[in-house]
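**Student:** Sending over a structure as structure tokens; questions will come in a sec.
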Amino acid sequence: MTLACPPNCEITSFDSQMKKTGEKLNFSRRRKREYILQDSTNKIHRNQVNDTQKPTNKKRKILSKKNKRYKLKFPDIKKKVSKPISNDPKIYYESIDSQSKENLPKGVDDLNNDYFGTPHYLNGYSSEIYENLRTREEKHRPKSDYMVSRQREINQEMREILIDWLCDFVMGIELRTDTLFLAINYMDRFLGVKNVRKKHLQLVGVTCLWIASKYEEIEPPSIEDFVFITKGSCSASQIRKCEIIVLTTLRFSLTVTTPMPLLRWYLRATKANKQLIYLANYLCELQLQKYHFLNYSPSKIAAGAVAVAQLILQPHLKFEGIWCKNLQYYTRYSFPDLCTCGKQLLNLYKMAPKSNYRTVYKKYAKKKGLRVSMISLPENFKFD
């Protein structure tokens, strides 16, 4: 098995890198066994009793109430508390809400105040989390031209087939959607650096999904599940060795920005109903298979998905009617910024029923997905 790497790359062969990785793993296991044996003998040596040592008859000091040396005096806390502590969650957010409201322009809602009773939204830190996601989204973006500049045997259709297969696998074992987005980010970043052969593309995709599941899931699937789903084409040892290669190539940078957390933030700004949430999620998952969407940042994809979803559900309105002040403020995008991305998302929605790879389309065509992929559009419907 060889991965053809670029001439400037330090590692010229996938086989040689896999062999080196296997030798390191065997060496570390051998050292671990030696350490365990050595540690067990040390424990026995420490627990041996010296017969020549005489037992001591010293009496232990008993701490009594009369011994003033060990008495501790604690301050009376009840005297300092003037009012009883309330369990009302509003008390925790009073200072935060007062500070955030002062900086908000007129007509913009405070998202922290609207969701103060839901602890999983992390309301006290949601704005800081969002700022961190926006500042870091360009740092770990995949290269948008690696199919031309780096890869020789892989094309866009092969990538689309692999992602469609990964979507089916994620849906079958009920992994989170964020896990899928992370896996595809890792895969695209890896393919932007390493030249991978066609026969190893599935191994790279499965390995990236395994890494993402261990990062994101509470109970990630075992490696045997990934071996089973590939029908034996990827062994457990191959996945483990490829995992080390992927992690070293990515320099263990696994905390990246994807469209999903940004999409949830934007949907909060619209006070979206269930149908809008499902439709926006469908558009975000649909664009994963298309290579040309790597040209857009995660925040722009999420904002474009919200805009297109609102226009599909309200076709009589135009962009100015659905893009409220909340979205203008929190997304920081206007119509000219989202025009190109929105048009491509809308065309993707129209062509999805006729596509050869329709795993995501079938997922949202079911009753559980509210059948948002089957909404009919009027003729000459445009993103404007």
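Cβ coordinates are placed from backbone N, Cα and C, and glycine is handled just like the others.
All TrEMBL annotations are machine predictions without curation.
Not measured: the values here are computed from a predicted model.
Copying in the features that TrEMBL gives for the protein in this structure:
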type	residues	note
REGION	39-58	region 'Disordered'
DOMAIN	164-248	domain 'Cyclin-like'
DOMAIN	257-378	domain 'Cyclin C-terminal'
DOMAIN	261-347	domain 'Cyclin-like'
**Student:** Reported in the order helix, strand, coil, what are the DSSP residue counts of the domain 'Cyclin-like' (164-248)?
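**Tutor:** Taking the domain 'Cyclin-like' (164-248) as a whole: 63 helix, 0 strand, 22 coil.
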**Student:** What are the DSSP helix/strand/coil residue counts across the domain 'Cyclin-like' (261-347)?
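**Tutor:** The breakdown for the domain 'Cyclin-like' (261-347) reads 71 helix, 0 strand, 16 coil.
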**Student:** Across the whole of the domain 'Cyclin-like' (164-248), what does the mean pLDDT come to? Round it, please.
**Tutor:** 96
